[in-house]
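Visitor: Just passing along the structure, written as structure tokens.
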């Protein structure tokens, strides 16, 4: 990176090095840099209230990339789909713009296929269906991506995908043609090389055909380092037929990579193709109008408890402000959804009977936020590591909640299963557990436990054990409790086995 860029966008630190970063650091803890370009930088950060990791794109407003990035943000504000990366928050200062994005786990589809050689037809179908669902959703909103390629598709170890990078996307009305020619050459449709107006939805469908071919073969159908030669191949529309695949798949590939866009199918027609027929249940209905936002009352109550106003929360959501309140709401909503999914997958754990008096001081809930007159939803957390690192914003939140504890206050307890930095890709952190803790203090719990232990010793006509013995019991209690909590809330995901390394050689 050039030296002057490093000066303008300094490396992350626990405290803001620029006064304009105050708003960012008041809501997020900046961890480290994920990547950088000439005029922008992407940071890994954690949301102070929930502990959820996010990606922060920092842009310089006086640079050429700023306006395209804001255009991308305006398009992403209209999108909410499980197979598309989510935009959480947007704000600007005098010289910078900040895009808070969902942190996507996994690796690029390009790297996934490259490491495997190719993937089998059934797996390719499952991945392609997710891509098709996202593209059909966008086309239903009048949004064309224009840069669909394996590099812009992320896949995790469960086979779930998310489309990223809407930097070249645009919104059109039905029947509108585009004049701007952009995207990767190898995935560009023939009409892009003719330098004429084109239908953006049809060019997206061509790119889908190239992606599908790449998945089952392991290489792109049109390949040349010489641009004129690559252009000649694409305009001719002739490519090596894939080996070892069904006739239905071959037919779908030929339809998607039809040179004349007038005869190229739409997303709706692709879904009806025999290769996909019977597998499209559950895909997003592209003709369905967006459902009006109805905030979850449990989440609204929790946010009210820490000082937000219900009216402001609803206004932020309905008017799509993408501000601090809407970001907090969406992060809590995603945690609740993940918790529900994991609870359905987790096996039933029988209760463990301890040989010592049990504590009645609160029960952890993994599904819903419970609130009562004496309950506090600010639970203890293992992150952040020190109360001194909390910004004034978080401390004010705790004061509004009426909590004067020396412990760290997050809305949910963060999971300790943190990925190491030497992994090949950044995984999205495990969602924290939702807690409903009692207002009984730790001192009163400790006093009751010692009192109960004293009664047991007197009943057996034995002297009371030393404090060291009591502390050992307390440590044992905490270990058992942590083990039970881990079983209930932290079921790790299973990794899919590695695919074979054999490659399919295209027919000449």
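Cβ from N, Cα, C; glycine included.
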Visitor: I'm validating the feature mapping. Which of 1-22, 23-44 is tagged region 'Disordered' in Swiss-Prot?
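Guide: It is 1-22 that Swiss-Prot annotates as region 'Disordered'.
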Visitor: Check the domain 'UBA' (294-334) for me and report the mean pLDDT.
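Guide: Reported value for the domain 'UBA' (294-334) is a mean pLDDT of 88.
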Visitor: With DSSP as the yardstick, break the domain 'UBA' (294-334) down into helix, strand and coil residue counts.
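Guide: Per-class counts: 29 helix, 0 strand, 12 coil.
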Visitor: Whole-number Å distance between the CA of residue 40 (ATP binding site) and the CA of residue 147 (active site, proton acceptor)?
Guide: 20
Visitor: Calculate the distance in Å between the alpha carbons (Cα) of residue 34 (ATP binding site) and residue 147 (active site, proton acceptor), and round it to a whole number.
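Guide: A Cα-Cα distance of 22 Å.
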Visitor: What Cα-Cα separation, expressed in whole Å, is found between residue 147 (active site, proton acceptor) and residue 38 (ATP binding site)?
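Guide: Just about 20 Å between their Cα atoms.
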Visitor: Would you find the one among the binding-site residues 34, 40 whose Cβ has the most company, meaning other Cβ atoms within 10 Å?
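Guide: Checking each of 34, 40, the winner is 40.
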Visitor: Give the maximum pairwise CA distance in Å, whole number, for the residues 34, 35, 36, 37, 38, 39, 40, 41, 42, 57 listed as binding ATP.
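Guide: Greatest Cα separation within the listed binding residues comes to 15 Å.
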